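J.: Pasting the relevant annotations from TrEMBL:
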type	residues	note
DOMAIN	179-226	domain 'Phosphoribosylformylglycinamidine synthase linker'
ACT_SITE	222	active site
DOMAIN	300-422	domain 'PurM-like N-terminal'
BINDING	316, 736, 773	ATP binding site
BINDING	318	Mg(2+) 1 binding site
ACT_SITE	320	active site, proton acceptor
BINDING	341, 473, 776	substrate binding site
BINDING	342, 501	Mg(2+) 2 binding site
DOMAIN	434-587	domain 'PurM-like C-terminal'
DOMAIN	678-777	domain 'PurM-like N-terminal'
DOMAIN	817-961	domain 'PurM-like C-terminal'
């Protein structure tokens, strides 16, 4: 086979310390020099800024290359078998130019290192060893090593004889069952392995490898949510102090009181708390209106709401945590791609993305990292790049999110990715019919992503990258964009009867779920592959990206396949849905899977989990700081500079939040468009001024103390965010995303119970239904000695609110000197888990109460705030969250480039000005009100806690006084400098 090397270099050296060259490897039986020359000239370089050379791939040609000016050279490429999107684009581009002799193409990066430094260390920084390979050499040599490196990259995968292995389960004792589960990365416990053994004992045979893998995927924590469906036996240790609801409000906190009466047995967290909350809210709503609102909750790939008479909107948030810990770019990249496909799976067009990211501290000393753990800064850089790469390339704006830092996320970063979709009402078919064709659409299948579903159901360890490296995937947004275009046309033509994404578990999950009520047959030899060499179970379980599975009636099949061909999207019929409730999978005459749908989906034994909660000793971790005498101003500057509060503009600016032209309120707002917006607002349908507000709430530090109050706080925060821009709290739906440690540990499980109980109480009190959710458990790291570290208890609540008229929306930046500034809400001494402790652990002795939401006051406040904004009475609105009043006032000053003169006297607490300024009491807003609207504003908020603290000034200073003495006086530029540290 003829092989060639193309080298592309910049015409002028860059200003960077290192020089970068692009390399392309080309191979084909009939490929000749003329074709390579043409391809190089017409496709592979930009003649204005680059020069390109090519040569045959042999030792003589490599030896005659000019000697490069560098101390060392590092070349980086994706490993064989890992998706190489750029290389595949070169192959496709060559074919479109008529150069079909190019059979294989690979893309590499060459880095020229100056003298000094450690090339091996630099190589480890440039490449993720799990998915990329490197070659280090000095100029003018290593010709044989280079040739071998290139030939390995171009080599065709080795083909192996197809086989289906029987797994010896029938004769296995308990120890052997657990060993099979552990060594196979099946993440099945003993009861589950016994159930599988008993099922096959009844059949009189051992399971095949494909059947065992299919059951492990279907029963995985990721796919079956077995912890949230487990029977939980909850106990409460009364020795510790557990914060109680406000007196006289017991009816609004029923689940807190239920847990206080422990012991309690809960048959299913998802049913008892989350689904029941939604049912309760919708039943109450139905009693007052006949208009449908929630069209789908908990049953589809995404929750669906009625937006207008003609349109519906969908929303889903997913996590991709474990893959992002191993390969940050690919993990985040495919996380975004996966949640976009969730929205495609409800026949909607993706119109906006969200991202919430949790990392270890960026200044973590490298020597403190555990084996196998990437540095948080490297994880953050890769994750942000992965989010940007996918959303930007698909033309989907990333409009809302958050970035958090905590030492607890060092080994287990969290990556939440969300997508909002828009679709015409009534265009999402859900009914598979026997006889429908099983069609796989989009990308080809490879070995990438195998065991992703089960891998995400276990903890990370020091050797995870070695043992389950194949669970990492690489995304291809261009393929997904083409698939998206096809699916929207197919939807509008009503060509399919059901659709789902090919996510965790691949074809096994997609076909198994779609055929659960009828049955299906699949022939795996028809599945398009990236390369040869996959065994049947690998084809079936692969989680290769950018794939969807559809049920297409035979009457529509020719039209559907013709549509796909016209859009250059690969679509293949791989089977048929049946009516016998069996899943039968074959490959070239081999029986791979033969299972009843009943056992596959209902045969898993229910877990029984113990949960024990104690309030004793519950505190949020604090840094080791010496006592100090920092002033209130010093503390404010330190808070603004903390990575959790500091400006995220450097990240936000890398995302395209303007594409599609529907973003009414951007992530950044203000005089210089650099202030932190409360929430994003979209106008998805240009013919109506009706809009959508997107916000979120997350604060794991409260979870250290009591996850129940954390849950109420983050629901409250998500609602504050959308209300602050003009969202209607009466038309707001929410999503839950739980990220937790090992639920088999009773203390972790008890925290999860308390968090879900808090979700119920908050959702019912606010009238906000949960329409979708996701759990990611086992976020723990276990070292070689067996020591375990769990992430902080983390709950993300995302809010989607309808905005009656986007023309009435407001932002958080100050608008006009002379306007009044009001504080809405009650300030209490609530600094437990606050950010003040992160900058000075000694600043608030005796004030460690976790913030508690007064649900009655909060819902009254949100309703009144919405009326004031809708009525045009508010010039600016900012919710109070991390850092409390002090940080919120500083952010309004920074964003508006104006000043504030404030007094704390109306709200001054006995604990003093520091506690008053930096308490994180929930349900509060800072409001700028035009002078002429003060009376109307105060009248609208009658019955809500409200005080006037001061006024907006033209002089750009933040001045705060209490009892006649100055508390702080800081210029805007000083605040901005600290905040943009």
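Don't overthink the numbers, they just go from 1 along the chain as shown.
Cβ atoms here come from the backbone N, Cα and C positions, even for glycine.
Could you give the neighbours, burial and distances for every feature on this list?
T.: Within the model, the domain 'Phosphoribosylformylglycinamidine synthase linker' (179-226) carries an average pLDDT of 94.
For residue 222 (active site), the Cβ neighbour count at a 10 Å cut-off comes to 25, with all displayed protein chains included. In the three-state DSSP assignment, the secondary structure recorded for residue 222 (active site) is helix.
The Cβ of residue 736 (ATP binding site) lies under 8 Å from the Cβ of 274, 759, 770, 773, 774, 795, 796, 797, each on the same chain and at least six residues away in sequence.
Sequence-distant neighbours of residue 318 (Mg(2+) 1 binding site) (same chain, 6+ apart, CB under 8 A from its CB) are 335, 338, 339, 342, 416, 417, 418, 737, 774.
The Cβ of residue 320 (active site, proton acceptor) has 28 neighbouring Cβ atoms from other residues within 10 Å, across all protein chains displayed.
Cβ neighbour count for residue 342 (Mg(2+) 2 binding site): 27 (other Cβ atoms within 10 Å of its Cβ, all protein chains included).
Under DSSP, the residues of the domain 'PurM-like N-terminal' (678-777) split into helix, strand and coil as follows: 49 helix, 25 strand, 26 coil.
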J.: Setting 316, 736, 773 aside, what same-chain residues sit with their Cβ within 8 Å of the center of the Cβ atoms that define the ATP site, listed in sequence order?
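T.: Near the ATP site, beyond 316, 736, 773, sit 303, 317, 735, 737, 770, 771, 772, 774, 798.
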J.: Roughly how many Å separate the Cα of residue 341 (substrate binding site) from that of residue 320 (active site, proton acceptor), to the nearest whole number?
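T.: Their Cα atoms are separated by 14 Å.
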J.: If the ATP binders are 316, 736, 773 per the record, what's the largest distance between their Cα atoms, in Å?
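T.: Roughly 10 Å, rounded to the nearest whole number.
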J.: Calculate the distance in Å between the alpha carbons (Cα) of residue 501 (Mg(2+) 2 binding site) and residue 222 (active site), and round it to a whole number.
T.: 15
J.: So, three-state DSSP: helix, strand or coil for residue 318 (Mg(2+) 1 binding site)?
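T.: SS state of residue 318 (Mg(2+) 1 binding site) = strand.
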J.: How about the domain 'Phosphoribosylformylglycinamidine synthase linker' (179-226) and the domain 'PurM-like C-terminal' (817-961): do they have 3 or more C-beta pairs under 8 A, pairs 6 or more apart in sequence?
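T.: Between the domain 'PurM-like C-terminal' (817-961) and the domain 'Phosphoribosylformylglycinamidine synthase linker' (179-226), which are separate recorded stretches, there is no contact, as judged by 3 or more close Cβ pairs.
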J.: Give the helix, strand or coil assignment DSSP yields for residue 501 (Mg(2+) 2 binding site).
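T.: It is in a strand.
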J.: For residue 320 (active site, proton acceptor) and residue 776 (substrate binding site), what Cα-Cα distance in Å is obtained after rounding to a whole number?
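T.: Residue 320 (active site, proton acceptor) to residue 776 (substrate binding site), Cα-Cα distance: 9 Å.
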